[in-house]
Amino acid sequence: MKPNFDPTLYLVTDRGCLAGRDLLDVVGRAVAGGAKLVQLREKNACTREFVELARALVGLVRPLGARLVINDRVDVALACDADGVHVGQDDMRPADVRALIGPDRLLGLSVTGEDEARAARGEPVDYLGAGPVFATATKKDAGAPQGIEGLIRMIALAEVPVVAIGAVTAANAAAVMAAGAAGLAMVSAICAAPDPEAAARELRVIAEQGR
């Protein structure tokens, strides 16, 4: 059975934002603050390190009621028994991912505009990550910012919940939620925060109030 998931506050990891802090500690604090969906995004780790880190995170977040999805790497997700996989437009096709992971794991897909949101209709995915909403330096190949209006159009086209990503902060989170987003995907707003738990708690409150 596919796990229930709460996309209200979705942490996307970036060890480059941690200023030397331990990733598991930051993730644990963020989950304690209300991030109930976590994506492990590791572009530089070797496969063995990736699997070991993913396995440790599964053991950390699952007892706390959160879910872990793996960015891009279906093999890593299966090896560590993660809750799902998140893919981008240049990764494996969603139908192929679904065939590998089966019906009982989560599958997310990134979309960067209306055309991709429209093309995602009918795909076997559980949610879309839409953005960047605002200009971001976290992901160099993120594409042009779509703004609130672009987000609204992507949400209107979607058949599944849409999580907004791309320089979403406490200052603009309410507007993002008011646009109809199912949740906020955060990278630096939590990973780079001096107190990840407090940052997550503040963002969680804003997200829930913004619905």
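Heads up, the Cβ atoms here are built off N, Cα and C, so glycines get one too.
Residues or ranges marked as 4-amino-2-methyl-5-(diphosphooxymethyl)pyrimidine binding site in Swiss-Prot (evidence: sequence analysis): Gln39, Leu40, Arg41, Glu42, Lys43, Asn71, Ser110, Lys139. A strand conformation is recorded for Asn71 (4-amino-2-methyl-5-(diphosphooxymethyl)pyrimidine binding site) in the three-state DSSP classification.
Annotation comment: Swiss-Prot describes Asp72, Asp91 as Mg(2+) binding site. Listed in sequence order, Val85, His86, Val87, Gly88, Asp91 are the same-chain residues at least 6 apart in sequence whose CB falls under 8 Å from the CB of Asp72 (Mg(2+) binding site).
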- Judged by the number of other CB atoms within 10 angstroms, which among Arg41, Lys43 is the least packed of the binding-site residues? Lys43
- Query: With every protein chain in view, how many other Cβ atoms are within 10 Å of the Cβ of Gln39 (4-amino-2-methyl-5-(diphosphooxymethyl)pyrimidine binding site)?
  - Reply: 23
